[in-house]
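Novice: Take this structure first; my questions come after.
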Amino acid sequence: MPPRPSSGELWGIHLMPPRILVECLLPNGMIVTLECLREATLVTIKHELFKEARKYPLHQLLQDESSYIFVSVTQEAEREEFFDETRRLCDLRLFQPFLKVIEPVGNREEKILNREIGFVIGMPVCEFDMVKDPEVQDFRRNILNVCKEAVDLRDLNSPHSRAMYVYPPNVESSPELPKHIYNKLDKGQIIVVIWVIVSPNNDKQKYTLKINHDCVPEQVIAEAIRKKTRSMLLSSEQLKLCVLEYQGKYILKVCGCDEYFLEKYPLSQYKYIRSCIMLGRMPNLMLMAKESLYSQLPIDSFTMPSYSRRISTATPYMNGETATKSLWVINSALRIKILCATYVNVNIRDIDKIYVRTGIYHGGEPLCDNVNTQRVPCSNPRWNEWLNYDIYIPDLPRAARLCLSICSVKGRKGAKEEHCPLAWGNINLFDYTDTLVSGKMALNLWPVPHGLEDLLNPIGVTGSNPNKETPCLELEFDWFSSVVKFPDMSVIEEHANWSVSREAGFSYSHTGLSNRLARDNELRENDKEQLRALCTRDPLSEITEQEKDFLWSHRHYCVTIPEILPKLLLSVKWNSRDEVAQMYCLVKDWPPIKPEQAMELLDCNYPDPMVRSFAVRCLEKYLTDDKLSQYLIQLVQVLKYEQYLDNLLVRFLLKKALTNQRIGHFFFWHLKSEMHNKTVSQRFGLLLESYCRACGMYLKHLNRQVEAMEKLINLTDILKQEKKDETQKVQMKFLVEQMRQPDFMDALQGFLSPLNPAHQLGNLRLEECRIMSSAKRPLWLNWENPDIMSELLFQNNEIIFKNGDDLRQDMLTLQIIRIMENIWQNQGLDLRMLPYGCLSIGDCVGLIEVVRNSHTIMQIQCKGGLKGALQFNSHTLHQWLKDKNKGEIYDAAIDLFTRSCAGYCVATFILGIGDRHNSNIMVKDDGQLFHIDFGHFLDHKKKKFGYKRERVPFVLTQDFLIVISKGAQEYTKTREFERFQEMCYKAYLAIRQHANLFINLFSMMLGSGMPELQSFDDIAYIRKTLALDKTEQEALEYFTKQMNDAHHGGWTTKMDWIFHTIKQHALN
């Protein structure tokens, strides 16, 4: 039940005509036709309707108009009651211009809330009510407890707790200031400007303070009070009393945005302050009364929805009301019967026969050999065949799944047979109540994803495709005399103890077992060294069978090396209940590991629910809100690998989202951006519903953001489809005319930026908005900053809205660059990366932050005349920087260019970022270089005539080297070039030390469906660029060679840039 695509203001019509005839059915049976303005509100329409109704028969049967509401059928084919009569006709998304007048019945407040939730998540809430699956019903009820706990937590110390939810402190994870940042201070002190509003006319007064960087906000406020009262000539005792009385009544706010310093963190731990120190700017803070902030905060109420009181439809055995037996008392092998298939659409002339391929998997690992059915003609896909698997039922692990696909086979004479998957599906062998599946089942299959190389898709989603017109496979599982349940932990522990004692009785010469018997009592020093070496191997490094045996035989010692857990779990034979039971006992008491290591246990290789719960407990214990925000994209993605709707990871993320509005904001958009994806629309939709029910008044802000995005989607659809052949001038005229319409002005002004909820988007500056020249017609939009102190941060906010480009890859690349920047900063490397804001908000729809005062290399080169544009003058860029940064600031600009160039050289090389040309490398006026448009990474570079167009590992042209060497002709012989190389080497080795983190982050994204991130083979490119099979010295030599290739091969890049420039000029 995915959301339907937007189709405009009426079904199949992007924009209603300015005036439209609306058919209105009254309660007395009369139909009245009204001519309405497209932007008319429902209250206006109702008033006009009842005036007109007086001219019709039976009007005396009507009550007062306030007794009624409108109802109609929307484009989602849903009947919707319109309680909010301020809504405009054009925003109702009607199927046809028809309105019915009714008397409202039922719980008005709940219906209004359900409509708002349905609008923001993109699907009607009533669709969840119609789902009969007990797992869905139980999840919706049970997750409300998490919502209630979070809301209670927000109100714990009201109103401070509420303020902490709405304006959570934006701080670094550690209070420690890196040495190179500390060195920018004057003996550990920082100059801060404190602003105070002194009159109703917003007159401002400022105080400049010099304070220790580790002062907490209250100390800064106290110092501001002392400075403000200096002219009052108070005695020291009076001053002390004054400070004590007032310092707790004020708070600090960042001038220009909605960031507040509400907690007792050191000043330099706040991100805004740390950024000012790094950039050499004076922080501007506003002193405001705490009560004025608290009085603005909404008091959220949380009401349990009516479905929370419904009786569960779970069957008696699910509720524990019938006799059950343990999985471990079954004494038979697993078998499954394949009955028949329907809706299998194939071309009979191209395909000889079809068959069903099946396998039992644990994550991506097969638990036994795959088994195929007989081949049958396409015209009669019936098998009625029992398939037997080489695994006993008691040996099935908790996360076991049946993977199936209908495959075609085509054979030509004398040629090898071609096997091709037509559709696939997966089924959990245990349901959400730990019960083994049994009986008959119909499974609607999924279309084969792009890039699937195997016949099965074991890490794909489990469950049936909601689209019932897809191929459907009917199958049957064995019935048992009682309901079969996976054993509980007490039984598992008992079995583990038994298997350990039994193992102790084996002699080490026992056939087939000697390599895996526990040998912890024989551990030698070189064994310990080998274990430590295995622990440091990267996640993609293959572990041999001998190494797995070695790990398992020393499993008890491994507890003393907690971070070895992922490797030990990979060594478990998951088709052996003896080993699984022992592993469960080890995990139960395993020491916590760091969050970055725990995240590895959440990717597709670790499906076991106990292992994943352990990982989440580590995150709960050690993951700061800052780090959670940093890794949120991945943590949302790995929800796809959870077996069931209700799990610890869902509860952890939901609780964090409901107690920190900034996390909640991005949590919402990361989920909503995938609601078009049928494989996750139910899971993500249910999670969005629970978030929206408990996020309080922020739902109104999300409503405004979604409404604005819908308007922009509609506008850009018209530009791409109906206006694509018009001139730029005609398109711009249409854009401005539409944006001036009342409904567009209401929707597109006065809401929080989806890119950063601390930034308000005020009035649109229409004269500054434009349609960009690329094929997808992105919009360059410009809003005023309505903050009273906007001139101290930025006075306008520019954002690019894109409809038609998948921005998920850009978003991921920018996130990785941001993490690289953090690593470098913590190691004392200031490489001044610029990971600008980027957010995917839907299917190929997203927003990009515009970086102020920046220009593409091509724009700069074109300013140097024809020679510069055609790359014949390599000094154009250096001359432009000199002109922009005259006198003393020239050296600072060159230094900034050098640092940022070094950072991007290393980052683009490691990530294999392709399609680098002079239109997607930019430079700011102050010299900072940065890259944009990350449509190709992991070495998926553009090809021409079958060859990769880019022949160098990264971009380091003569133009850049001339800037780095301050205009020297023999740039490679200068001290500046040597310094640049040293920066690159240090940056490369710093990232190499954190290779596991980057591999894990990419591995967690495998379920995203990004075209260039389909398998572990894609991620292996990072292993190659970081030379993880080499020593550190060998890796440095490898990178040095890549650097030499880059600047010696710079002429090939220049040739590519020449052709790109010529092409762009031809297009324009």
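Cβ from N, Cα, C; glycine included.
As annotated by Swiss-Prot, domain 'PI3K-ABD' applies to 16-105, with the evidence given as sequence analysis. Annotation comment: Swiss-Prot describes 187-289 as domain 'PI3K-RBD', evidence class sequence analysis. Annotated domain 'C2 PI3K-type' per Swiss-Prot: 330-487, in sequence order, evidence recorded as sequence analysis. The feature domain 'PIK helical' is assigned by Swiss-Prot to 517-694. The annotation domain 'PI3K/PI4K catalytic' is assigned in Swiss-Prot to 765-1051 on the grounds of sequence analysis. The region 'G-loop' annotation in Swiss-Prot covers 771-777, and the record cites sequence analysis as its basis. Look at Swiss-Prot and you will find 912-920 tagged as region 'Catalytic loop'. The region 'Activation loop' feature in Swiss-Prot is assigned to 931-957.
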Novice: What is the three-state DSSP composition of the region 'G-loop' (771-777), stated as helix, strand and coil residue counts?
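Specialist: Counts, helix then strand then coil: 0 helix, 1 strand, 6 coil.
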Novice: Given a Cβ distance threshold of under 8 angstroms, which distant residues of the chain, six or more beyond its ends, lie next to the region 'G-loop' (771-777)?
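Specialist: Non-local partners: 716, 719-720, 724, 728, 731-732, 735, 800, 802-805, 1067-1068.
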Novice: Summarise the domain 'PI3K-RBD' (187-289) by DSSP state, stating how many residues are helix, strand and coil.
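Specialist: Going through the domain 'PI3K-RBD' (187-289) residue by residue, I get 41 helix, 32 strand, 30 coil.
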Novice: Limited to the region 'Activation loop' (931-957), I'd like the whole-number average of pLDDT.
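Specialist: Within the region 'Activation loop' (931-957), the model's average pLDDT equals 72.
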Novice: Counting Cβ pairs under 8 Å that are 6 or more apart in sequence, does the total for the domain 'C2 PI3K-type' (330-487) and the domain 'PIK helical' (517-694) reach three or more?
Specialist: yes
